[in-house]
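Copied over from TrEMBL, here are the features:
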- 209: active site (ACT_SITE)
- 40-68, 103-104, 108, 134, 284: NAD(+) binding site (BINDING)
- 42-200: domain '6-phosphogluconate dehydrogenase NADP-binding' (DOMAIN)
- 203-329: domain '3-hydroxyisobutyrate dehydrogenase-like NAD-binding' (DOMAIN)
């Protein structure tokens, strides 16, 4: 199974990513026992830009953590805070019956669950496994089948809101899985997000996230183009942003995450596009959208163009910058 999952993941646009930073329904009794043991340890795997603040919010709500990240340095501050750090995903599964994974790609998720030292090597029956990575919906479905064989429960719960919302605990979670398990998942996810939405069977959370991120990429490119054009026409960027945000062009990319340096504080564009959501990850998510569009025969003309733009950005040195750096990319490009 792991080999077939890796082949599927390899065909999902993952070649554009580089990690430079970072069952059947359980019985009611099992669900209740998880809820009643609300302050028992929670496993958390993946402490990147998003996973780090998510795990910290679980700590703030009183949950002891069993921590693992492929980069040991990412675990240090948690270890210093008294949380338990282990050496593999399998060790997390041995010590916790509720685990959250937050990983960059399908390949990373497959390795964390099905690898030689993966979760499934030591997962306990009745465990609840929540994957908040953004991956191929088909991979989520196959992982769920493997988890079910071990007598555990798998749910996909990708997030929206960015690093700022992760820090403030205001993420939106899009959850796919057995509906009877939703309340158990919501107990944990509600510590990290203000919106926890049940979408349907396993894979539907990923489907919602892929659609959201495709629209986000399109709107960010549109905002960057509009701001660039206005600036070159002599408009002050703060004035233009103000006008857009009180007019019909207003969107999240313009009023909350503006891509133009100096327009807003506290966003990546104010910090040389450091932190936030990397351009490589956006290219990866757009690759997932492209694959899904192909399999469902859905036209995504703007989504496909957005995919190509982010691929070009990654090839031209923007891979580690926030995806809003598309503004800088457009400013430097004279060949369109």
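Even glycines carry a Cβ here, placed using N, Cα and C.
Of the recorded residues, the residue listed as 'active site' and residue 104 (NAD(+) binding site) place their C-alpha atoms 14 Å from one another. The least crowded of the recorded positions 60, 209, judged by other CB atoms within 10 A of its own CB, is 60. Residue environment of residue 65 (NAD(+) binding site) contains 23 other Cβ atoms, counted within 10 Å of its Cβ in all protein chains. The most crowded of the binding-site residues listed here (45, 50, 55) is 45, judged by how many other CB atoms sit within 10 Å of its own CB.
The binding-site residues under consideration are 40, 104. Their Cβ neighbour counts within 10 Å are lowest for 40.
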